[in-house]
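Heads up: the structure comes next, in structure tokens.
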Amino acid sequence: MKHIHIIDSHTGGEPTRVVVSGFPALGGGTMAERLAVLAREHDRYRAACILEPRGSDVLVGALLCEPVSAGAAAGVIFFNNAGYLGMCGHGTIGLVRTLHHMGRIGPGVHRIETPVGDVEATLHDDLSVSVRNVLAYRHAKDVVVDVPGHGAVTGDVAWGGNWFFLVSDHGQRVAGENVAALAAYASAVRAALERAGVTGRDGAPIDHIELFADDPEYDSRSFVLCPGHAYDRSPCGTGTSAKLACLAADGKLAAGVTWRQASVIGSVFSASYAAAEGGVVPTIRGSAHLSAEATLVIEDDDPFGWGIAS
């Protein structure tokens, strides 16, 4: 029988499951090296935590790791139902809030090691969290793909910690009651990108699709299709970072100016950026709330103990 200690939270409605203990040892390498070990040798632990019957498609896991550097508060490896994530904005906010709950950190600035580099997270006195992300940049502008049933769709390819295709002119209604249609449209766009061979840098697959719309109260409202078939309930930290990179490249948002990004369900992140060589360094601010603390149990004779493959 296996036991995995977890603490759940949600950031703007998007859940994060922090794995505190119970995973196999991954060695003392970087977070990228440990991710490779986890994916290659112990992927069933990811599946057990995230897939049904213990998880769901919308859940993001965050394996809490000892950092390489003594100056870092923690290391983390993010994963979901489809595999592994280089970085996760909402997940980092959830992780920092969880570390505070565990008594590991107090308000202040903390460095978090991720597989794509270190991020700086500030826990504020009101327990909201600001995340200074990795470098974000636009890789390609005005990329056109033919989407069956929808015709030509134009968008930008950008990196914000994950690869995104960002579309503003899509003709879809970005609203909570329309998520089924939005997911179908975004899935069709992602499939069209794959057929056309459109990728991120060095052939990296584009696994996130982000649709933007005007919002009467905030700067924008977005729908984000994550890897697999789930959509982001939060405004998506890495997606907002990619959006800032595109706005900066187009001269539509100056450094230091706040951009307020709403999600499809109405939760909000505040974001700004600092100019940097080759792109921008975004800072995303949001809040997470604790929702559960539990021990997952995997019985030896459970036929679905290691998850139900979808």
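Heads up, the Cβ atoms here are built off N, Cα and C, so glycines get one too.
The shown structure was predicted, so the numbers you read here are calculated from the model rather than taken from an experiment.
The candidate list H42, H110, H124, H208 contains one residue that Swiss-Prot assigns to the substrate site with G89, H90, D232, G237, T238, namely H208.
Each of the active-site residues C88, C236 was scored by how many other Cβ atoms lie within 10 Å of its Cβ, and the smallest score goes to C88. Compared over the binding-site residues H90, H208, the count of CB atoms lying within 10 A of a residue's CB peaks at H90.
Listed in chain order, the residues near the substrate site other than G89, H90, H208, D232, G237, T238 are E14, C88, G91, G160, G161, N162, V224, S234, P235, C236, G239, T240, S241, each with its Cβ within 8 Å of the site Cβ centroid. The Cβ of T238 (substrate binding site) has M87, C88, G89, N133, G160, G161, N162, F164, H208 as same-chain neighbours under 8 Å, each 6 or more residues away in sequence.
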